[in-house]
2 protein chains.
Amino acid sequence: MGGLGEIGKNMMAIKYEDSIIVIDAGMMFPEDELLGVDIVIPDYTYLLENKSQIKGIILTHGHEDHIGALPYVLKDLDVPVYGTRLTLGLLQGKLKEHQINSANLNVVKPRDILKIEPFKIEFIRVSHSIADAVAVAVHTPLGIILHTGDFKFDMTPIDGDTLDFHKFASIGEQGVLVMMSDSTNVERPGYTLSEKSVGETFDETFRLAKSRIIMASFASNVHRVQQAIWAAAKYNRKVAVVGRSLVNVVSIASELGYLKIPRNTLIDIDEVGQVPGNRVVILTTGSQGEPMSGLTRMALSEHKQIQIMPGDTIIISAVPIPGNEKSVARTIDHLFKLGADVIHESIAGIHVSGHASQEELKLMINLVKPKFFVPVHGEYRMLYKHAKLAEQMGIPPENIFVGENGQVLDFTKRKGQANGRVHAGRVLIDGLGVGDVGNVVLRDRKQLSQDGIFIITLTIEKSTGAVLAGPEVVSRGFVYVKESERLMEDAREKVKDVLAKTDPEKIKDWAGIKSGIRDTLGKFLYEKTKRKPMILPIISEM
Amino acid sequence: MGGLGEIGKNMMAIKYEDSIIVIDAGMMFPEDELLGVDIVIPDYTYLLENKSQIKGIILTHGHEDHIGALPYVLKDLDVPVYGTRLTLGLLQGKLKEHQINSANLNVVKPRDILKIEPFKIEFIRVSHSIADAVAVAVHTPLGIILHTGDFKFDMTPIDGDTLDFHKFASIGEQGVLVMMSDSTNVERPGYTLSEKSVGETFDETFRLAKSRIIMASFASNVHRVQQAIWAAAKYNRKVAVVGRSLVNVVSIASELGYLKIPRNTLIDIDEVGQVPGNRVVILTTGSQGEPMSGLTRMALSEHKQIQIMPGDTIIISAVPIPGNEKSVARTIDHLFKLGADVIHESIAGIHVSGHASQEELKLMINLVKPKFFVPVHGEYRMLYKHAKLAEQMGIPPENIFVGENGQVLDFTKRKGQANGRVHAGRVLIDGLGVGDVGNVVLRDRKQLSQDGIFIITLTIEKSTGAVLAGPEVVSRGFVYVKESERLMEDAREKVKDVLAKTDPEKIKDWAGIKSGIRDTLGKFLYEKTKRKPMILPIISEM
């Protein structure tokens, strides 16, 4: 229902007879053209139509693109949710914000086997850029369906717990019917570096920094935060945490034991000023240049507690997500102007991905040896390339399925086939509105954003159509009105002309006069300005 | 006046006593937040204020970010323009579109020396991603000012004419007072690959392609187009050119001799269908996913003449400019879905940059050995890093100037110093409007784009303030009206309440009642929807 042909809003359902389980329920940030939209979630009409059959929702890990739709889904569906401790800890924070207090959340551990008849669901530890991530093996009466979740093979993970090679090997040995595998990094040759390699860069950077260190990363990357804290402790620096989401994650993760913070390391943000620069590290949000985040505010000198000072070393331990390149570049520029030294993307070793590269994807296919293969979690070209990769590994092309959201795949023990589609799509969330913003509203916003609006008001006598007041003309987002008084006055005259030429009987017929005004004025304004503002005649009757 | 702290709208002035020459006059594409703005040019108030002193405008090459502002500048300034043949050829095309027929354009060649008292201006060939690019050495009574323009060191250029090492060496030997150098690729270690390396990839790709080849690149990259044409000729394919800007460039460049097209190679776009797939190459625009370009239309199956077919090989011979990543990725996805094989960015060798990497920048500094160094053509972090690079090369930090647009630098034979600022900034072009869109209009467009507009109209009796007609409520870009009839009705009631509670005498005072409606309705709508549409009360009087 989500995640095919896009990075984001991952969601899928597995159905056997009349039992359905759902894997993940993620959100996505809107593309630029979805003006004003806050977030996008999958259209889960299919689940609503099959409410009674849904036995549970299984979560692979706690990233927004895997759990972010749950606050909406759980308002409509009262079903148990299963996930590891950190995943559910992060979810609970989100549910609280949405005032959902009664969710049925169930903690599972890697290697746990959960029975939801007719399925047995096995959780298998994987490495990823968030702690406590798992793959899911669904044992069905017809065979095993393995969903890798988001994963990489990290040979030296921060918490010491590697991906569970043995379990993947053993289910591979048992025989896997279908594997769905993470396609995010299929375009990268070789192996993704270990998270630990970032620690080495941190060590070097912390050793050399002569004043404050400010580090921005994804809030949910607990291992990254852990490494910064270790480096701080090693070089005798105190750590202050800034930014709501980061404060939340640090508190949840340390409470649950996923983050180890040495005693007397943390200080309050207000205490930063009392510690010498070379004894402090500030951990903050804003690695994507998000407008309201910690680092962005500091860069714009708008942060209440932290002012950037010459000599500060700023580490942006992330890569810009596609679409954020410009805002990140702008943030970096501002920081340099304030005299800070900024260590970012272009410096090797400051960030590693959480997703498997080509050689790891091949390794996964070799370990699991699935009969059928479905690349997931990727834009279309990634799914396509992952399919080609699987083909090179010996999986027959007819056993590989590259689908789009809504695609139904039917499997028997021997055969797999695409079998029609269920309703799928996106639901746009704008403020409190769920799905009340659609194409018409977005088209209007687009037009308004490009050339603004030009409004003509008019009061007519109901019975005769005689014009009693107006026309008045008002514009917003069109031109500087002061410098365009003449244009506005000419526009008003144009409307008067239209009215004068129209039989009052026809003015009574609103639609006709409205389209007359729109046409005449549209042509006039385009000729004068080469712009096409929205033209909106409003007629009142007395 | 432009190009410092940004990639785009390059423009600078060199002044000695009462003589000014200008180098380049470029445009820039607007950042996303400049809603509806078509292009951005430098604010050249300084030139207007010193009109009589301006002796000429010197162009380094024909890219938009170096010549794109000229159609505007030349409307205000009647001065001679100097550039190489291709540069002026491309400029002439632009001027025609703006109906400027009387420009004073003067062709120069590399190694020409142009006398504009008290300056002597020498043009020096460089390699870049457009043919006929030059650096400019301005001999002044105090010494040489060298502007590198955009450059790279290409050891095997397509046209055989390398950068003029000897001239750079000889002016370095003479002694250069100030060098301004291209900072675009200062973050890249090593050397930028030769344009010729792309030809090798083309050769391999053309050899293997079994059906049609469709190649998209920057229209102005004549050498890239040349290499595609050579590969086509070698593998016995006909070439069709699609897309207005590409057709223009191919016609100008081949007319001027910069592009060599073997006889009987070009075919008309309408003839493509008559040639077998493995005998045709289509050159097109759209390497940046631009909405109206050739490749984008083909990807969306909206191109009138070319339909993508399974088996087509599509080469996108460019990298996305920051900000275009998502539209390029979307285009690629669509093409894959149509069954084409797309060769893009992630495949090595399909594109090389036109700008010098670190080692080349160092080589330039070593060749020219300037006394003073000014990094130009880059975002702030790039200028900063280029300054650090120059410092490592032995230029004293006090002789290096990292400036922002408008910065004045004063040089004597011995001393250089920052000396105040002239007016500088950006002029926004929207349709025919030059500078009539500013912060207020943009803020309105922003608000309109996010949550739309909510309009309340009202007719009152002029003398008494009594409400005669209305209130009517109309919204655009806010919510689906059909599903929100109740909300609109409630909003109308809220306005009625405000009116009922207001003394008619005060209704006469428009401002008061308007802000009352805005406040009450703003709160109400935010509470109900968590959105903040623009609220616009319009009052007519009778």
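Cβ coordinates come from backbone N, Cα and C, glycine included.
TrEMBL labels come from automatic prediction, so no person has curated them.
Features of the protein shown, as given by TrEMBL:
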ACT_SITE  B:Asp182  active site, proton donor
ACT_SITE  B:His355  active site, proton acceptor
BINDING   B:Gly36, B:Asp38, B:Asp430  Ca(2+) binding site
BINDING   B:His61, B:His63, B:Asp65, B:His66, B:His128, B:Asp150, B:His377  Zn(2+) binding site
BINDING   B:Ala219, B:Ser220, B:Asn221, B:His351, B:Val352, B:Ser353, B:Gly354, B:His355  substrate binding site
DOMAIN    B:8-202  domain 'Metallo-beta-lactamase'
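Most Cβ neighbours within 10 Å, among the binding-site residues B:His61, B:His377: B:His377 holds that distinction in the structure as shown. In sequence order, B:Gly62, B:His63, B:Glu64, B:Leu90, B:Ser129, B:Ile130, B:Val249 are the residues of the chain that are 6 or more apart from B:Ser220 (substrate binding site) and have a CB within less than 8 Å of its CB. If you measure from the Cα atom of B:His61 (Zn(2+) binding site) to that of B:Asp38 (Ca(2+) binding site), you get 22 Å. Taking 8 Å as the upper bound (exclusive) on CB-CB distance to chain A, the binding-site residues B:Gly36, B:Ala219, B:Asn221, B:Ser353, B:Gly354, B:Asp430 give B:Gly36, B:Asp430 in sequence order. For the pair the residue listed as 'active site, proton donor' and B:His377 (Zn(2+) binding site), the C-alpha distance works out to 5 angstrom. Taking the C-alpha positions, the distance from B:His66 (Zn(2+) binding site) to B:Ser353 (substrate binding site) comes to 17 Å. Neighbour counts of Cβ atoms within 10 Å were compared for the recorded positions B:Asp65, B:Asp182, B:Asp430, and the top value is held by B:Asp182. Checked against B:Gly354 (substrate binding site), the binding-site residues B:Gly36, B:Asp150, B:His377 differ in C-alpha distance, with B:Asp150 being the nearest.
In three-state terms derived from DSSP, B:Gly354 (substrate binding site) belongs to neither a helical nor a strand segment and is classed as coil. Nearest in space to B:His355 (active site, proton acceptor), taking C-alpha to C-alpha distance over the binding-site residues B:His128, B:Ala219, B:His377, is B:His128.
B:Asp150 (Zn(2+) binding site) sits 28 Å from B:Asp430 (Ca(2+) binding site), taking the C-alpha atoms as the reference points. Neighbour counts were taken as the number of other C-beta atoms within 10 angstroms of each residue's C-beta; across the binding-site residues B:Ala219, B:Val352, the minimum falls on B:Val352.
According to its DSSP assignment, B:Ala219 (substrate binding site) is coil.
Taking B:Asp65, B:His128, B:His377 as the binding-site residues under consideration, the smallest Cα distance to B:Ser353 (substrate binding site) is found for B:His128.
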